[in-house]
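Enquirer: Quick one: the structure is below, questions incoming.
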């Protein structure tokens, strides 16, 4: 059962992204009004805006939290061609704001010559690393060598993807059997260029990222991409938001002992859903990777789950105002797909409906 609650976000323009922190007790929103807002959940379940500030000189496309072991740290990216890192600090005893927290900019990353379209922190086992992608087709990976000094970031890798980039996702697996892997989606509207999703893997011998796979069947613009939590699986699961929702299974092939190159992947399409009957803008997994949420231009959030027969189907539809759509269950995905059956989502799911200035909150 999902209960929706509207939040008067008070943004002056479209909300482009909403992001929970690790514990689900804080969230951040960003907007074309060039601002980021931070929200804290009170004990009675209400969300209160505890910080709001102008972050960029253009639309802010994405905002994301670092793992809390690195402190209260946010990153944002913008049409103004920059990404920024923000840290919350608490006033010192001799400070006029003693005991009060406020957010300060630690650094601005200015390497991109075009709009920075996505920003993501790497999985925490890799250290404090930040990845950006931009409309000129370049993915950049930065590292903070000293986690106590977030004003210093060094550019570690640049990956040229040829196509304009719209979204990135790190494979969260911390297994030593899996090298660091990142998926990149493109919103290039030219369907003559097939393969709008590219997978890159870190190669230890060369100390560089190499392309291991291009998903050639994805020919339409990709708006979002999300690796599922790994949970010890030997394979990877990747969800893609394009003109529909797709779930791919990426199976690493056994390496030859003499091979020093990137891992070869066997790609299987697990499921494909056109239930939105429109462009899909966001996909998000629950923490156990048993439930996938998607939001689209139909103004609905749809929930997808694999049953005990490993077939994916729609288990719920919520309108932009949070009200359920009758007859939601039973919309199956094609083809039949392997997945991990499990209980309902154990995390909150939050979607910002495109074109709205309110965030819709749907705890479950």
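The chain as shown is numbered from 1 upward.
Glycine is no exception: its Cβ is also placed from the backbone N, Cα and C atoms.
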Enquirer: Examine the ranges 287-325, 326-364 and name the one recorded by Swiss-Prot as region 'Disordered'.
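Expert: The range carrying the region 'Disordered' annotation in Swiss-Prot is 326-364.
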Enquirer: How about long-range neighbours of the repeat 'WD 2' (55-96): same chain, 6 or more residues beyond its ends, C-beta under 8 Å?
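Expert: Result: 13, 16-23, 26, 28-32, 34-36, 38, 102-110, 112-121, 124, 128, 130, 132, 134, 147, 150, 153.
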Enquirer: Give me the stretch from 10-49, 111-152, 275-314 with the greatest number of Cβ pairs under 8 Å to the repeat 'WD 5' (217-258).
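Expert: The stretch with the most close Cβ contacts to the repeat 'WD 5' (217-258) is 275-314.
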